[in-house]
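First the structure, in the form of structure tokens, and then the observations on it.
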Amino acid sequence: MTALQNDTFLRALRRQPTEYTPLWLMRQAGRYLPEYNATRARAGSFLGLAKNPAYATEVTLQPLDRYPLDAAILFSDILTVPDAMGLGLSFAQGEGPRFARPLRTEADVQKLAVPDMASLQYVFDAVAEIRRALVQDGRQRVPLIGFSGSPWTLACYMVEGGGSDDFRTVKAMMYGRPDLMHRILDINAQAVSEYLNAQIEAGAQAVMIFDTWGGALADGMYQAFSLAYMRKVLAGLKREHDGQQIPAIVFTKGGGLWLEGLADTGADAIGLDWTVNLAQARRRTGGRVALQGNIDPTVLFAPEAAIREQVRGVLDSYAAAGGSDGHVFNLGHGISQFTPPESVAVLVDEVHRYSRQLRTSQG
């Protein structure tokens, strides 16, 4: 077990005292960085990048070499699991992901099975390689986060065959054939648990479940078709490895209505989008979980003074409900590819500067 130079992120997830508020950014390794685009060009395609452990390691470390971030996140894609199920994933230029064999019929659903994790070995090799690359002077720079899509979010792509504006195909199945939908979700939950456990075995020190499309569901349907299956995933997770606790984060975009339910999933932390008031979220969850978030990503297109002001507003909102511990700063969703890299430097600087100042004033 290599000691960490900076364990602030892990301590915040455990709601332990920290000297400042740690931060990382969703999609921190991405198209807003010129060095990422150069590596992707060498890889030839997005999947060529994501399925090559050496390239995945290179792009995972790029934002850490540019900014003093407090965690690394595995460079991969949420659709690796359904790809391993044989649905035929591809990425068309400018169109996003597509599955050649979506789940549309009862026969399609009956054939679905938890994939052999050996088919995802490239992901676990990347985790191990990133862990090695993070070691500097005998100590690991920051912790590494592993991740997966949620069972429901994966199902949206698996049934729709790609992205969707209205999710009418997957929702038609959910309302009309809930038995088929539950079968897909049950298999997905088993697969995601196994997938995250294999990432933990390979060296992930925290894991996150991205429920990107949970917010598309009606109240009641969310609890039955998304929340229940994230709870299943969490129940199947190894929460300790190599003598260390492995914190788990759940994030439902558009999930502000269901914070109490998310706090009861067994997760250590809840990710929040920018529509949620942090002080209210803290009161509603009763301090049972850490909170992660939640600045609007488009703030990064504003002038420096406005970015700094908005950062302070997020930190003040969290602190208003009782001190600054138990908070990981992040965006409310992934960083835009058009974000100026220098704006990210401003955000990182202000989070670290002002959160230290807040702790001093809190005594």
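Yeah, the Cβs are placed from backbone N, Cα and C, and that goes for glycine too.
The substrate binding site annotation in Swiss-Prot covers ARG27, GLN28, ALA29, GLY30, ARG31, ASP77, TYR157, THR212, HIS333. Neighbours of TYR157 (substrate binding site), defined as other CB atoms within 10 A of its CB across all chains, total 26.
The Cβ of ASP77 (site 'Transition state stabilizer') lies under 8 Å from the Cβ of PHE46, ALA50, PRO97, each of which sits 6+ residues away along the same chain. The site 'Transition state stabilizer' annotation in Swiss-Prot covers ASP77.
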Across all the protein chains here, work out how many other Cβ atoms are within 10 Å of the Cβ of ALA29 (substrate binding site).
24
Rank the binding-site residues ARG27, ARG31, HIS333 by how many other Cβ atoms lie within 10 Å of each Cβ and give me the one with the fewest.
ARG31
What does DSSP assign ALA29 (substrate binding site), in three states?
coil
Among ARG27, GLN28, ALA29, GLY30, ARG31, ASP77, TYR157, THR212, HIS333, recorded substrate binders, what is the largest CA to CA distance in Å?
23
